[in-house]
């Protein structure tokens, strides 16, 4: 008499496995890096095999990829899109301009996307190759697998 196999795991591991293998990025292309980001959606790089499906709606996305120069006019709009994304959410800053403002050191440019939203992964380069974005998504998958899926709320003080 054979018994059915038993799979032992934790709910954290199961949730993180599902989240890491179904990343749906919100495309937020602002400049040259957006062209490289668009190339990743083509058949040559095939991000679909990693469970990555680009979405146009923030309510259907869990990853925001900021690609290009962020101006102060765009900063408020980008923050609004970030706030509309469901939890948990992650942000990838793609390219030198999104990371530090790049060569645009003017009054109208935000010197890094991390001044507007919390950034999880920084991609260096001008403009980073699609392979670099692919590697960043794999690093993000690893980061998600190592995180705690179920957040424990801090005990509330009564006094």
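From the backbone N, Cα and C atoms, a Cβ is placed for every residue, glycine too.
Feature list (source: Swiss-Prot):
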{"type": "BINDING", "residues": "32, 33, 97, 126", "note": "[4Fe-4S] cluster binding site"}
| Taking the center of the Cβ atoms of 32, 33, 97, 126 at the recorded [4Fe-4S] cluster site, which other residues in this chain have a Cβ no more than 8 Å from that point? | 31, 67, 68, 69, 94, 95, 96, 98, 102, 125, 127, 128
| Of 32, 33, 97, 126 (the binding-site residues), the residue whose Cβ has the fewest other Cβ atoms within 10 Å | 126
